[in-house]
Amino acid sequence: MESLVSSLRFPLVVLLWLVCCVAVHVGGHGVGEQPLSKIAIHRALYAIQPNASIKAETVLLGSKEEDSQWINVQVESPVPSEDDWVAVFSPANFNSSTYPSDDEPKEQAPYICSAPIKYKFAKDFSAEYTKTGKASLNFRLINQRSDFSFALFSGGLSNPKLLAVSNTIIAFANPKAPLYPRLSQGKSWNEVTPPAQTVGWRDPGFIHTSFLKELWPNSLYTYKLGHRLINGSYIWSKSYYFKSSPYPGQDSLQRVVIFGDMGKAERDGSNEYSNYQPGSLNTTDQLIKDLENIDIVFHIGDITYANGYISQWDQFTSQVEPIASTVPYMIASGNHERDWPNTGSFYNKTDSGGECGVLASTMFYVPAENRAKPWYSTDYGMFRFCIADSEQDWREGSEQYRFIENCLASVDRQKQPWLIFAAHRVLGYSSDYYYALEGSFAEPMGRESLQRLWQRYKVDIAFYGHVHNYERTCPVYESQCVNAERSHYSGTVEGTIHVVVGGAGCHLSKFSQETPKWSLYRDYDYGFVKLTAFNHSSLLFEYKKSRDGNVSDSFTIARVYKDVLACVHDGCEATTSAS
């Protein structure tokens, strides 16, 4: 086994964070839909009350090598109000020394710039708080490689006034322990990469990416992550395991999970995501529950909805750690990772909060030729996946269009019969309410450029996120169903099945009143898709509910190689390098 380690220095990312801090906090609340942006922290006033207090139990976190731990906080206020809230800060020092240099006016010195990593309203967790002035709150803290403090504010989120700061600083025993490994496919089928954080986003440090090469196919490996301290001693992570990928064309049971727009949520009920990503934990927990029956995961855009709040990437990687440390966790670029004006994104939006794709491409490896152009292909046994970046130009004549065609054209369908296309925005078909208002029933210009490629190279299924619901089409070409079957396809399918699977966690999107003829199944609920390839001739598609894992929609495809070679409308060219 060969190991190659590359590293990225944090100062570049920290600089990005300072730019984002100005854009998000000083510029107002209009950057995306990140709930932390509701906190006008730059307007916070020091209004310390001598009779107000916030006390955290004194405990050394992670003394038994845990990466997370619950802690109790007691609050007292002489003048309680329903808009009093408790904030968790990390690093613990959140005074003006952390404020980025800029020309924006501040309300009153001393300034508070650091956004909290989470918060709770006192009344929501202690019903008698407004009467008694006393509240007891429990927070779940994860190791974010820095210390923690708690603060009591009044005035709600828009006019915060600091009443009290916690009596003690809380920290993990090993703040520099390697944390939250994420596996992904390398550029070769027998290569896997585990990135691991060593030092946090708020201090200079490193993210390491190790390339484990020449792995034996379908074999179980165990691994640990280590960090050497200045004194020469080592801190080791707990033990993890993964099963290496099958070789391209290998005939074995292969199970793939696909979804988009999951985001993150807090298990302690913190308000910052409780009303925005209500399905996130359900989806995560269902995948963990079924992890022994999952081989690879594709999260096709809108990963964390951090939108410039860097602490949220730590929260997300902690949430998915049981999954991402065990199976490859592949991502696609979404608008909440990439879009920012005048940075080269196809859409001149502010959805990324200034991240511009840097955080996503740093935190999760994908086998792209250029990190700034995160479209890629990856082979997994009998599957070929062509992952597009909908936030950069995909139209005919573009660099990405040439990549997509090469990815589809170069696969040997005799060895890899199951050809999958995926992108974040809906480039195919969706009866989303807003797409219907536009009259396009998809991202404008999407189908115009790509549907001939899907048809020519006989793409089996195309997946999308962005729209927060589930929808499956018939095998379709040029807005017309080309196969009358609904649940079992055999022989030549004639067209591509398009699936919107953006309901993994974020608030749901409503459908149009009209149901187009090509739409076979629509579900306004949270869920994800699982593909099971039993062999080269049999594929099972299942859409599962996040709340209970039950199958809500399904179909099968049964065919042989000659069915892939058969002529279909606008698809009679050679479709495989083996033909």
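Cβ coordinates come from backbone N, Cα and C, glycine included.
Automatic, uncurated: that is what TrEMBL annotation is.
Noted in TrEMBL for the protein shown:
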type: SIGNAL; residues: 1-23; note: signal peptide
type: DOMAIN; residues: 54-174; note: domain 'Purple acid phosphatase Fn3-like'
type: DOMAIN; residues: 255-470; note: domain 'Calcineurin-like phosphoesterase'
type: DOMAIN; residues: 495-554; note: domain 'Purple acid phosphatase C-terminal'
Average model confidence [pLDDT] within the domain 'Purple acid phosphatase C-terminal' (495-554) = 97
Grouping DSSP H, G, I as helix and E, B as strand, the residues of the domain 'Purple acid phosphatase Fn3-like' (54-174) number 11 helix, 47 strand, 63 coil
Can you count helix, strand and coil residues in the domain 'Purple acid phosphatase C-terminal' (495-554) using DSSP?
-> 0 helix, 31 strand, 29 coil
